[in-house]
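As annotated by TrEMBL, domain 'RNA polymerase Rpb7-like N-terminal' applies to 9-64. Feature annotation from TrEMBL assigns domain 'RNA polymerase III subunit Rpc25' to 83-212. Marked as region 'Disordered' by TrEMBL: 161-192. For 162-176, the entry in TrEMBL reads compositional bias 'Low complexity'.
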Amino acid sequence: MFVLVEMVDTVRIPPWVFDRRLNDAIAEELNKKLANKVVYNVGLCICLYDITKLEDSYIFPGDGASHTKVHFRFVVFHPSLDEILVGKIKYCSQEGVHVTMGFFDDILIPPESLQQPAKFDEAEQVWVWEYETDEGAHDLYMDQGEEIRFRVADEVFVDTSPTGPAAAKPDAPAQPGQSTAPPAEESGDKKEAPYTLVGTICEPGLGLLSWWNS
């Protein structure tokens, strides 16, 4: 679930912290820059583990700060495929069951990966497993806050780097003082999660949910 990733970065240390130990100042800057951030195709950065190498520091003309190339290792949340994790149901929607692990919320179990047969209760806004027994079918509700065990089936990274401004339409010249940006509903600027896990609910033999036995 957590891995150590070797990274290299150039760290800028402002002059007002020159009185501190270089390693301490660099560690603080790296944590500020990376902790709780998603690095594309790497995972969710948690915290600095150690610094393995410091190269020479330089001060560039017009900038009083020092710039140091640093080799370091960072603790990253990046579970492997087929790894089994435990989380809690954050909420349910037509897209599936949304799961949180406390520090990471972008986990989705799609409808086809739930225990079958399953249905979505529109009134309660929850998914329901129609559990078959000798006495007939029982509806087991996947309520918010319930613990759930799931297997990582896929991961999705989205490059959320800023893009340039949208070009104005040639057949609709902008009037003075009028914005050329498309309206929010037309621009399709729906915010996407930079890193999403797609899970499959575990079979009962791999980990019972609390509500399976209730």
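Heads up, residue numbers simply count up from 1 along the chain you see.
Quick reminder: no glycine exception, Cβ is built from N, Cα and C everywhere.
Automatic prediction, not curation, is the source of TrEMBL annotations.
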Where DSSP helix means H, G or I and strand means E or B, what are the helix, strand and coil counts for the domain 'RNA polymerase Rpb7-like N-terminal' (9-64)?
16 helix, 24 strand, 16 coil
I'm checking region-level scores; what's the whole-number mean pLDDT for the domain 'RNA polymerase III subunit Rpc25' (83-212)?
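Per the prediction, mean pLDDT sits at 77 for the domain 'RNA polymerase III subunit Rpc25' (83-212).
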